[in-house]
Structures are given as C-alpha cells and as structure tokens.
Amino acid sequence: MTSSSISPALAKGAQKPRRTKTFAAQRRAVLLFIAPFAVLFLAFYAIPIVFAVVQSLLTVEREGTFGAPQEVFGGFVQYQQVFQNTEFWRSVGRVVLFGVVQVPIMLGLALLFALLLDSPLLKGKKFFRLAFFAPYAVPGVIAAIMWGFLYSPTLSPFGLITSEVNVLSAELVLWAIANVVTWVYVGYNMLIIYSSLLAIPTEIYEAAKLDGASNIQIAWRIKIPLVVPAIILTGVFSIIGTLQLLAEPQTLRSFSSAISSTFTPNLAVYTTASVPNYHLAAAFSVVLALATFILSFVFLKATQRKVSQ
Amino acid sequence: MSAAAAAPVSTRKSVRRGNAPRGPRHSIMSRTGAMLIMGVFTLYFLTPIWWLLVSSTKTGGQITGTAPLWFTMESIPTFFSNIGRLFTYSDGVFGRWLLNSAIYAGLGALLGTIIAAMCGYALAKYEFKGREAIFNIVLSGVLVPATALALPLFLIFSEVKLTNTLWAVFLPSLVSPFGVYLARIYAAASVPGELLEAARLDGSGEIRTFFTVSTRLMAPALVTIFLFQFVAIWNNFFLPLIMLRDQTLFPVTLGLYAWNSQISQIPELRVLVIVGALVSILPLIAAFLALQRFWSSGLGAGSVK
C-alpha cells in the first residue's frame, strides 16, 4: 500500500520530452510555474529560518551599566540559556504529555468513526459526516472561547458538573485544552481516514465476506492495515499541531488563572519576545522547530518500517 | 514519505460502493450500537455550537439566568439587537475584522492555491534537473511548523518597517508547501501526459495548456487545496497576534480574542463575543456546506485511465 499509490503518480509524471524544440519551451514553462512559489518560499520560509538561526546566535552587550546596547555574536549563549530554562522545558514536558494522551484518543476516535461511516451499519451517513466535521470550521481561538464559557461554573449548561469539578483548575486545565483540540480536529482526521477507506476497491472484501468474515474482522484485518498511511499522515500533523499549541491556551488564559505565560513552548516564545528578548525567543523557536521536525521525521520513519515489515 | 498515499481526498480511481448489496445479516444489536455511538458523539460535537446559537439570542443577564440550551420568549428581537450592537460597537470595528479575514483568508488562499498548483503541476508533469531536490525542500517545508516562522517573520518585517500592516499577515500566508505537495499528487493523477502531448501537437503553449486544460482537470483538487489553505489562514493566530497592533487590521479571530480578554473590565463585551463568534463561524460552515461534494467524497474519478 505504502508505495503502490504514489508510484503510478510518479511514473505518469516522468515523461520524456520528445522534441528538442518543445524542450526549450518546456524549460521556460517550468521556470515560470515554479518561480512564484520559489520566491515566496525563499522570502517567507527559508530566509526567516536562516534569520532565526542568526538571531539566536547574537546577544546584547552593554558597555557599563548605562552604555548603549549592542548586538554582538554570542555563539551558543542563548542556547545555554534555553537549556537552563526550566520553565521552557516544563512547557515542553507538558505538551509531550498532552500529545501522548490526546493524539491517540483523537486518532482512535477518528478511526472508529471512519470505520462506522464505511460500514453498512449506519443510516444518515451524510448527516454524521457533516456534524462531526462542523467543529473544524471553528477556529481554535473561537473554539477556546466557546468551551471557556462552557467550562466556567456560572455560565455552563453543564453547571451540575462544572460546579463540582473545576475543569479550569491547575490539575485539569491541560485536559480541558485537550478536549477543545479533540473537539475541533476529530472530524477532520475522520475525513482523511474515511476518504482513504473509500479508495479501497470493494472486491477486496467480497472474498472475505464469502468466507463468512464478520464486519469487525474485516475492519480489523483488512481495512485498518490498508489505511495505515492515512493514519500516519494524521499522526504527523497531530504531533506538529501539539508542539505548536498556542491559540487555545492563550485564549483560555482569560478564563483560567492556572495557565501560566509559559504554559506551552509557543507561549514561552511569545512571552519572551514581548519582553522583548528576541534573541532568546529566536533560540526557543529554533529548538522548537528542530524538535518538531525531528519528532515527525522519526515518527514517519518508525511507522514506515512497521508498515513494510 | 509513505504518507503520500494518504492525501486527504483520495485521488485513486475507485468504485464507490456505498449502496453495494450487503447481507441483511447485521444484527440489530450492532446496528443499534453503531447508531448509539454516533448519536452520543453528535451531541458532543453539536452541543457547543447549539449553545452558541442559543446564547447569541440572549441579553447579558439572560445568559446566566435562563436555561442555557433553550431560547427565551424575546429571543428573536434580542438576537437582532445583539447583531446591531455587534456591528456598531467601537465604530463598527467588527465588520472591519470580517472584511480583513476575508482578504487574508479568501484572497490569500485564492492566490496561494494558484501559486501552489503551478509549482505542484510543474513538479508532476515535467522532468527537469533538481526536480526531486525541490520536492524534498517543499516536503520539509510541510514539516516546519508555521508558528516557528512567526517570530523571525516579525523580526524581518520590522527591519523593513512593514509590521503592523496588512502585508505582514497577507504575504506570508500565500506560501503553502502542503498545497504544492497535494497539487503534485493530484496533477500526477488527473492530468494525463498524452493529453499534454496532444496539446503540444496542436501548438498550444505550455502555460496556456495549464490554464485552459490542466486546471480544469485539477479543479476538484484545487478546491480542496483552496479550502485547506483558507482554513489554515483563517485559523492562524500567532502571526497576526505578533505582527499587528492596530486593531483595524485584525482578522476576526484576533479581534474576538482581544474583546474576550477585556470581558472582566467591560462585561457587556461578553454578549458581543458570543454573537461575534457565531457570526464568524457561519461563513466557514456555509463554505463547507456549499463545497461539500469536493472535500467529502473521493475526488477520485480523475481523468486518467
């Protein structure tokens, strides 16, 4: 499965230019097609990354207490600070814990819903698909505002629960955020998995069915293995999303005092940048981007190996 | 990257089997179980939105004082007066925010989709030196979190004195490596090479062929790319948060966030935040409904045989 669905695409893409005359025209066309994206990618992706690295290697020095501040090359001074910054690492630990719990729950639910949508057991599939996907249309900030009201003991329609258990307390607020994220993204992940289920030709099941396999057996033995690539894709995006958590906790801060200004790594970046200590904030950003990149890369590689085994 | 197989909307040709005859053997038990699970979660997904809808028809006092999940006798007039206050409060800045969001997300995603489509198409349909290298760079771009770019972008834009302008949010939003990645997969699957050869023999230029023939074949995919990018920009919070000071430039999410954080000082804002949240999610829900057939089904039936 892993390679089967991409290789035909690549094969189609690789057509040999037959005439030299059209070859030049094609080269011009390629240049024209790629240039706009390349320019924008350079300006707003590549250069900022380089710039962040450069900034993170600088430090501010003053001559005497009242001297004018001067930016000088500081080597890994900022990174030393990053590694000594317990607040930052606590925030990293927090999102890792968040990811370890929330991502499997979210993807598990998404897979379950996708399988149910794909099964003959349900009526009104269109409705469910839409109802479950609707929260994806709600931006993180607004979802957090909504749930913030729903969590607060005085406003909530679930007053019975929220007046007993304060979900915005220091112990629970991380899971209150996890609920908001899950609410928004389950439907989206469900759709990705569902559309890859739809792409499986039915004939594959027919034989199993004739042999008397149950729906659960078909789901477990045939469908799930075939949609593993889709699950991996959703997994990578979820990992990236988790490490980047910002909008939801930042918004919920006005509902809960338990969310500190360095609750997640990105909040730490924002807080440090507002000080303003751009050099340290840049170093945070670089570390965070690298960690994200490495984690999702490792996840991809690890799952790929499992798939091919 | 094996995830290639799992583009959000399948491009593979497949026989839809929705109503394929399946034995009536499924027991009532499992049918009821399945419906029950889906029913419970429907409540989970829709209750908050329902609450938002109901609350936006109430006055500040009624939100806490009346049944939270049902309307009051004066719901309809209250709703309209809330809407009126929403759009007049603080010189009608809310309308401005909606417009800004439409520019950032609507125009941004439109241009971004065209740019990504051209690049992905070139990567799929032409052979040239450095093709794989470019594609790999784009792929690593997918894995670079957008929020990690917000701070350096702010520093760069402040060097050229462009922070706190529309451009500071608009321009970076145009870049979508994921869009390029999808466009490449879709182009490879839905634009047959023979067709391009035929167009060449007919004397059609490469660019013209792209805009007249290929984009048409890729149309469903382009809608998907547009939607994903639209949502990504609409939801983007860090970039405007860090770039913008002037509240007339805010997108609607940042505006509501700002209002929400002032509720403790100005309690009347609570109603406006609730109504504003409702108004701001309606366009997206409408867009999803209208474009449902594009994102929901396997776009599949590409024209490749």
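We number each residue from 1, going along the chain as drawn.
Glycine is treated like the rest: Cβ placed from N, Cα and C.
What TrEMBL says about this one:
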type	residues	note
REGION	B:1-26	region 'Disordered'
TRANSMEM	B:32-53	transmembrane segment
DOMAIN	B:98-290	domain 'ABC transmembrane type-1'
TRANSMEM	B:102-123	transmembrane segment
TRANSMEM	B:135-157	transmembrane segment
TRANSMEM	B:169-189	transmembrane segment
TRANSMEM	B:210-231	transmembrane segment
TRANSMEM	B:271-295	transmembrane segment
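Under 8 Å from some Cβ of the transmembrane segment (B:271-295) lie the Cβ atoms of residues 8-9, 49, 52-53, 55-56, 58-60, 63, 79, 82-83, 85-86, 89, 94, 98, 101-102, 220, 223-224, 227, 230-231, 234, 252-253, 255-256, 259-260, 263, all in the same chain and six or more residues away from its ends. When Cβ distances are compared across the two stretches, the transmembrane segment (B:210-231) makes no contact with the transmembrane segment (B:135-157), since fewer than 3 pairs at least 6 residues apart fall below 8 angstroms. The list of residues near the transmembrane segment (B:32-53) in space but at least 6 beyond its ends in sequence, with Cβ under 8 angstroms from a Cβ of it, reads 68-69, 274, 277-278, 281.
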